[in-house]
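K.L.:
Dropping a structure here in structure tokens format, bear with me for questions.
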Amino acid sequence: MEALKQRILEEGIVISDQVLKLDGLLNHQVDPELTMQMGKEFAARFREEGVTRVVTVESSGIPAAFATAYELGVPLVFARRKKTLLADPDALCERVPSFTKGIVTDILISRQYISENDRILFIDDIIANGDAARGVVKIIQRSGAELVGVGIVVEKSFQAGGRAIREQGIRLESLVRIMSLNDGKVTFED
Ligand code: G4P
Ligand code: NA
Ligand code: NA
């Protein structure tokens, strides 16, 4: 997606060889126009899959996942980050480490919003080591739903997350793939 590459070059801040700050378009500010384009692109790629629900994780996955769900005309379900007193006691829960936060978190989805009759498209903003994604994939599998694919806005392909998901035989589509952040510079694949 060319417009997205352009915005990443304009707004992305290379923090280290591993981390690209994307607050201007994904993690703090959202451009509705660009985000709707992301949704159109994911919807086009997965249109034939009979998706019944889009799933993401709060918080930064929500805008792109919402745009995708809107385009496909299906509900968006976002996994919650931690248990609250109001959480469904038998929600599906996975504990995952977080690369940028350096902590473990629980992610959960109520069984009310995901069932064995669903065909799920999982959308997320960034994939790094893929810990969060692996947790969501496990929750979807435990629910008995069919995971038809994963859509990622920015895949850091020098980290193993995307590859690990594909090695499970899951279709993963990313809108841009970053192959390196070396020398303070964003280098895309292709
Ligand atoms: P992954 O499982 O999604 O691959 O990510 P990982 O656990 O490795 O990283 C956890 C969090 O760090 C995720 O956000 C992920 O989007 C974010 N992250 C990883 N690498 C980068 C990076 O280079 N730049 C930025 N901006 N974020 C990165 P999260 O915990 O899901 O938080 P939220 O943003 O959804 O609230
Ligand atoms: Na994030
Ligand atoms: Na995220």
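Indices start at 1 and increase along the chain as displayed.
Keep in mind that glycine also has a Cβ here, set from the backbone N, Cα and C atoms.
No curator has checked TrEMBL annotations; they are predicted automatically.
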K.L.:
From Leu20, Leu34, grab the residue that TrEMBL records in the same xanthine site as Asn27, Lys156.
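P.N.:
Among Leu20, Leu34, only Leu20 appears alongside Asn27, Lys156 as xanthine-binding in TrEMBL.
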K.L.:
Relative to the Cα of Asn129 (5-phospho-alpha-D-ribose 1-diphosphate binding site), which of the binding-site residues Leu20, Asn27, Lys156 have a Cα no more than 10 Å away?
P.N.:
Lys156
K.L.:
I need the CA-to-CA distance for Asp131 (5-phospho-alpha-D-ribose 1-diphosphate binding site) versus Lys156 (xanthine binding site), whole Å please.
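P.N.:
Rounded to the nearest whole number, the Cα-Cα distance is 13 Å.
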K.L.:
Roughly how many Å separate the Cα of Asn27 (xanthine binding site) from that of Gly130 (5-phospho-alpha-D-ribose 1-diphosphate binding site), to the nearest whole number?
P.N.:
17
K.L.:
With DSSP assignments reduced to helix, strand and coil, which class does Leu20 (xanthine binding site) get?
P.N.:
strand
K.L.:
Who sits close to Ala132 (5-phospho-alpha-D-ribose 1-diphosphate binding site): which same-chain residues at least 6 apart have their Cβ under 8 Å from its Cβ?
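P.N.:
Listed in sequence order, they are Val57, Val96, Ser98, Ile107, Asp124.
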K.L.:
List, in sequence order, the same-chain residues at least six positions removed whose CB sits under 8 Å from that of Leu20 (xanthine binding site)?
P.N.:
Ile8, Gly12, Ile13, Val14, Val154, Lys156, Ile178, Leu181, Val186
